[in-house]
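Taken from TrEMBL as is:
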BINDING   HIS93, ASP104, HIS212  Zn(2+) 1 binding site
BINDING   ASP104, GLU139, HIS409  Zn(2+) 2 binding site
Amino acid sequence: MMTLTINIERLLHELDLLALITDCPPIQDRPLPGTTQAVTRIVFTPRDLEARAWLKELVLAAGFTVREDAVGNTFLRWEGTDAGLGAVGTGSHTDAIPYAGMYDGTVGVLGGLEAMRSLKEAGFVPKRAIETLMLTSEEPTRFGIGCIGSRLLGGVIDPEAADRMLDRLPETDASAPTGLTLADVRQAAGFHGSLAGVKLPIGHYHAWVELHIEQGPLLEREGIELGIVTNIAAPSSYRYTVEGFGGHAGALLMPDRRDALCAAAEMILSVERHARAANANSGGVDTVATIGMVGVYPGAVNSVPSRVTLILDLRDTDVARRDGVLSAFHADIAEIEQRRGVKVQEEIVNADAPAKSSEHIVETVETICKAEGVSYKKMVSRAYHDSSFIAVVAPTAMLFIPSRAGVSHKPDEYSTPESIAVGTRMLALALAKLANE
Ligand code: GLV
Ligand code: MN
Ligand code: MN
Ligand code: MN
């Protein structure tokens, strides 16, 4: 195996610089080490475009080429000596939900670039091309669905339907579209052409490995340096509109109310109860249900809510169990509708399959970890990732590094420099091995 040094100072510096491209004001009191910045970087906003321009400069300075597709997926490419062979890919995302941390996704993009750069500086010559991707909108913040770029690459979303998706920049009412579509927003951001051309042909990637922070507590708790992801839980998401009858908060008498928010509150507790029951039945922890967005209409302190929108995020490693939770939830909704005199409508946002890693790539990384003396464990990813959809068109795996206290999607998300260095080095060695197959 080659000797390889990662330039960790360069990588950490770039992570810091990227974190400064944010729509959040700087955090003054730095409550925990590593908490320098709350990051809000929503796809196709000025901050996202700034981050993209900054990244492209780094890539060109490092001597790699840049290609962007019609949805803004950005391919940083290092040519191999055999142009006829499928490439080896890595990458992740740089968009961030409101008040996020600075490591989610960014470690996979800047870590991928650093892996390519340090391999090049070590004199490595790849047979297959190596690419690092910056994938568009892994987060569902703006169009209601996550992994837009990787879904299009994997061909798991209809390109025309994708272009019609409504822009829903986070507002107080979770249902409020801006009146624009993805087609409008991406073109205004400078990404033209048909989304139909984004799908990757099978064989474009010989192999794909994404580096990411764990976003959960297991690696830190168990003192393990690297997680090798064997499968990714199946995500799904549903939008509910609860229609009731509102009015004056003083004058509308309690017997005459059909308060949409009270009905919605029962729904929130119902789905939580069914997810907990599914875990109790299985003896596991793989079922998770979250209602993280609630829109209340008209949203006045002295007005009884007449309409509420809820967005449910429901995930499981086992699709049948996930469907079981949904059916039990539906039965409760029917009962709540009856009893409270409200009407509930459901719209499926996405209902995806789980992803399974390539045994060959998992074994390749295991061999490297053993040779390098890096502790590892095979594990499930409960978060979804771009790899969930790249897996449809390429053999994939993911590498996880520990997250302090398992915290993510919050400003105090943190991974140590040592963890980032180990993860990036293991990524680089895996890319090198796979590129010469
Ligand atoms: C991705 O950010 C997820 O919600 O799993
Ligand atoms: Mn995220
Ligand atoms: Mn992520
Ligand atoms: Mn994610």
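Cβ coordinates are placed from backbone N, Cα and C, and glycine is handled just like the others.
Long-range Cβ neighbours of HIS409 (Zn(2+) 2 binding site) (same chain, at least 6 residues apart, Cβ-Cβ under 8 Å): ILE97, ALA100, GLY101, ASP104, GLN215.
Within 10 Å of the C-beta of HIS93 (Zn(2+) 1 binding site) there are 29 other C-beta atoms, taking all protein chains into account. Proximity to ligand 3 at the level of Cβ atoms, with a cut-off under 6 angstroms, picks out ASP104 from the binding-site residues ASP104, GLU139, HIS409. In sequence order, SER92, TYR103, GLY105, THR106, VAL107, GLY108, GLU138, ILE213, HIS385 are the same-chain residues whose CB sits within 8 A of the CB centroid of HIS93, ASP104, HIS212, the residues recorded for Zn(2+) 1 being left out. With respect to their backbone Cα atoms, HIS212 (Zn(2+) 1 binding site) and GLU139 (Zn(2+) 2 binding site) stand 14 Å from each other. Least crowded of the binding-site residues (ASP104, GLU139), judged by neighbouring Cβ atoms within 10 Å of its own Cβ: GLU139. Surrounding the centroid of the Cβ atoms of ASP104, GLU139, HIS409, where the record places Zn(2+) 2, the chain contributes additional residues within 8 Å, namely ALA96, ILE97, ALA100, GLY101, GLY105, GLU138, GLN215, SER408. Taking HIS93, ASP104, HIS212 as the candidate binding-site residues, the subset whose CB lies under 6 angstroms from any atom of ligand 2 consists of ASP104. Reported as a whole number, the C-alpha separation between GLU139 (Zn(2+) 2 binding site) and HIS93 (Zn(2+) 1 binding site) equals 8 Å.
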